[in-house]
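These notes are about the structure you will find just below.
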Amino acid sequence: MSGKANASKKNAQQLKRNPKRKKDNEEVVLSENKVRNTVKKNKNHLKDLSSEGQTKHTNLKHGKTAASKRKTWQPLSKSTRDHLQTMMESVIMTILSNSIKEKEEIQYHLNFLKKRLLQQCETLKVPPKKMEDLTNVSSLLNMERARDKANEEGLALLQEEIDKMVETTELMTGNIQSLKNKIQILASEVEEEEERVKQMHQINSSGVLSLPELSQKTLKAPTLQKEILALIPNQNALLKDLDILHNSSQMKSMSTFIEEAYKKLDAS
């Protein structure tokens with residue numbers, strides 16, 4: 001015991017004399033602690049792995065029934081893997097486009113995950129039905145894009161038709177306004193014309209026209225009919241012919257037609 005005490009005293013004296021050696025010893029102690037911690041972690045990890053192995057073993061028991069079906073499974077096609085790669089790259093670019101911290105570490109981590117996933121997809125086998133769904137993704141995407149394009153074109157045509165209808169409506173509104181202005185102008189012109197007619201005929205308050213009186217000479221003058229008959233030698237025969245023509249059915253129908261026409265004109 002005295003030898004161990006002397007050795008510890010010597011070590012203490014050496015550490016006091018050489019502080020650098022003291023630092024090295026402290027680092028050694030820290031490294032030993034790290035090793036112990038890692039060993040403990042590895043032990044726990046092994047326990048977890050053993051539990052996971054047990055669960056996997058039970059899952060394999062349940063999956064033995066589907067082993068015959070797995071024989072028909074097929075690996076993923078190259079086009080599907082390429083499509084998956086492009087999708088992942090676009091997602092990575094979208095994530096990295098945002099202003100985030102530690103961008104390089106995130107990029108490295110995402111690229112590593114992408115690489116791991118693509119490596120798994122190279123050996124992955126899927127059922128034929130799922131394979132058809134995966135291979136039809138690009139065609140379905142193209143169909144949806146074509147449908148979206150058709151919808152956009154239809155919307156553009158509808159917008160053009162709406163613009164044309166709006167333009168025609170504006171033109172019709174302008175025409176209606178111009179017609180209203182013309183009607184107002186015509187109404188004012190009609191009022192002015194009525195005023196002129198009133199001034200010309202000098203209509204009094206009773207509504208009777210104040211026309212100039214006819215002279216006695218004009219009243220005693222022969223009528224135009226008498227003057228015309230005086231020029232015809234056989235007046236009686238002409239009067240009979242005129243009477244027959246006046247009482248004929250053609251003349252009566254013509255007179256009724258003229259009366260109806262006048263009635264319609266008066267009604268309008």
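Backbone N, Cα and C atoms are what each Cβ position is placed from, and that goes for glycine too.
From Ser31, Ser210, Ser215, Ser253, the position flagged in Swiss-Prot as phosphoserine is Ser31.
What Swiss-Prot records as phosphoserine, among Ser50, Ser68, Ser79, is residue Ser50. Residue with Swiss-Prot feature phosphoserine, selected from Ser205, Ser249, Ser255: Ser249.
Neighbour density for Ser249 (phosphoserine): within 10 A of its CB lie 7 other CB atoms from the protein chains shown. Under the three-state DSSP scheme, Ser249 (phosphoserine) falls in the helix class.
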